């Protein structure tokens, strides 16, 4: 056996939780800094040097007490709306959680007929392992842990975002730099809490389970896969429910407000405006948080499962076994340093500096993380070891594993930047889409669809290359750690991602509180940068989902004892073709849900404009609550069918058609889901930014297309409205479909391998 790693087991046990605690502490510090911005009028005029500050404040109308009071009112309305929606959603999801936990226990317990005797191990038949019943119990516990952590992550993110939105608006009066720092810090709170919580809960679970499992690491890490399943199944409901909520409100507000009534976006006279701003928090923040947490939990689970049957697990090398967790720990520290670059080392003075600052976050974190991975690979891994690869053990060196993680990390950056190129209005693709609005909405739609399809090409090559390299070097374990590499800078990625909806909300609050045009321009600049970074975040989520689900697929194939997946056998091929259809079915459900919810919203907004006297001249307040209720009811009702489709497919296919067909379904849904997800997200993002490009009128070309209300602008608004469900509901939910089906198949693999394929057994 090669020499053991440099890092001792004891140090590993201290370092991982220490990194998580540092992450949580850093999040709290950032939160304290954000809370220094006061939402009560009397504190706002106190300044450092009295005179000069006071003059600036006079000029900007800083001492306008009404504005501060109004901002605080609007903020509490948004916060209440978001909280009440999430509580309603979590009640339904809670019922599902309990039901599914029972299902896991029954399915996995029945593998050995609920016996409590020790069984021969799956991979090393000469040893004895804990009974299947124990595996069922612990898988159920880890499922509940993952689900709870996922919900808490989403909820905390939403709370922080609704806490920071009005504070960002008020800071925008002092300049764009101050507003940027407030929004970015709040995003960082969410990013670090999520990364640290995910790591800490997983680490504690492993250590507690070890008390029972002792030396049976194979059973221990198999039961840990429930953690990923819990995380992703909650993310599915968060993403779909939140996505339907936010887009029903957004489409309703845009169609009636901007197109029919010619009032600006986020105008307080628009009845759907509060629902729209609530939607940004429940969809983009709570949904995105749960989603990335799910990816993180699954890639860790996949890596741990494969490692437990490799030399790490067989030799009980705890440090090397924790390699995936050590990468995540290093990621937290790296992201912490990176965040300081945006908030403390450099100050943003002009609007042009916002987008570069966010891009540098990605570049700095990736560069530092590469060094971090090299260090971890050198101190935590033996110089040579073996990795389980479909029945054989493959010899691997520690520097090869470094390359696997690093290629995942850099592929993530490539996907991020390609996404940015196709969705930012600084580059020609979006400007071409904007230009096509001259001839109406139809050409805009054609150009936008073409852009989305084209934007798939480079990300797919990036994913393909990283799969090829990491599989060649370290088999399925290589792919699992490549996915972890892509997600290792999750804290920074989420900070950038959450920054978008916070600035979007800040702009909405500025408009509703009747603040000056200059402040609205500043928040719009923050928001436009946020739109692009949100697209980058979605690109990361989709790319990592592809790698994660492939790693889970590999673990599933090993666990279900399939030696090869042969496409030419009819069992597998029918699975492939049906699997490739599932993302379309799923997208159809979510798009239709947004459409029907938006229809109700449009009717309600029209009704209010037509029947409430004094609404258009601003003398009466619209009835915001009804619109919030429409969105809430629609999303709760409509999130169930798509959720059921994703969760029941693997169970039905595995039970009735067996593991070969199920492997086909997983491969098919992965292959087609990634393409649709990337193109849908980028098409929607491009349409949105084409509209913003025309509205901002920053270049000669943009000014020739409109002011707001011109024909090209109206065409752009229609494109943006079509793109809304694509980029915020279907697109981002698809990556959960891909991962969730794979992780669910892995968790239920022991059952499918023993009792699956009923139909083929009968005939």
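Cβ from N, Cα, C; glycine included.
Note that TrEMBL annotation is computational and uncurated.
According to TrEMBL, the feature transmembrane segment maps to 14-34 (among others). Cβ atoms under 8 Å from those of the transmembrane segment (14-34) belong to residues 7, 160, 163-164, 167, 182, 185-186, 188-193, 195-197, 199-200, 203-204, 322, 325-326, 328-330, 332-333, 336, 339, 343, 491 of the same chain, restricted to positions at least 6 beyond its ends.
Taken from TrEMBL, the feature transmembrane segment applies to 92-111 (among others).
Proximity of distant same-chain residues to the transmembrane segment (131-158), defined by a Cβ-Cβ separation under 8 Å and at least 6 residues beyond the stretch ends, is recorded for 82-83, 86, 90, 93, 97, 100-101, 104-109, 111-112, 114-119, 190, 193-194, 197-198, 201, 205, 209, 212-213, 219-220, 222-235, 238, 281-282, 285-290, 293-294, 297, 494, 498, 747, 750. Taken from TrEMBL, the feature transmembrane segment covers 131-158 (among others).
The annotation transmembrane segment is assigned in TrEMBL to 179-206 (among others).
Same-chain residues lying 6+ beyond the ends of the transmembrane segment (321-342) with a Cβ under 8 Å from its Cβ atoms: 7, 12, 15-16, 18-20, 22-23, 26, 30, 181, 184, 188, 191-192, 195-196, 198-199, 202-203, 217, 296, 299-300, 303-304, 307-308, 312-313, 357-358, 360-361, 364-365, 368-369, 372-373, 375-377, 380-381, 401, 405, 480-481, 484-485, 487-492, 495. As annotated by TrEMBL, transmembrane segment applies to 321-342 (among others).
The transmembrane segment annotation in TrEMBL covers 362-381 (among others).
Annotated transmembrane segment per TrEMBL: 401-422 (among others), in sequence order.
Among the features that TrEMBL reports, transmembrane segment is placed at 456-484 (among others).
Feature annotation from TrEMBL assigns transmembrane segment to 540-562 (among others).
Annotated transmembrane segment per TrEMBL: 568-586 (among others), in sequence order.
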The transmembrane segment (540-562) and the transmembrane segment (179-206) contact flag, 3+ Cβ pairs under 8 angstroms: no
Spell out yes or no: are there three or more C-beta pairs under 8 angstroms between the transmembrane segment (456-484) and the transmembrane segment (568-586), with each pair 6 or more apart in sequence? no
Close approaches to the transmembrane segment (92-111) from elsewhere in its chain (Cβ under 8 angstroms; 6 or more beyond its ends): 132-133, 135-137, 139-140, 143-144, 147, 151, 226, 229-230, 233-234, 237, 636, 640, 643, 647, 747-748, 750-751, 754-755
Which bits of the chain, at least 6 residues beyond where the transmembrane segment (401-422) starts or stops, bring a Cβ under 8 A of a Cβ in it? 323, 327, 359, 362-363, 366, 369-370, 373-374, 377-378, 381, 429-430, 451-452, 454-455, 458-459, 462-463, 465-466, 469-470, 473-474, 477-479, 481-489, 532, 535-536, 538-540, 542-544, 547, 678, 681-682, 685-686
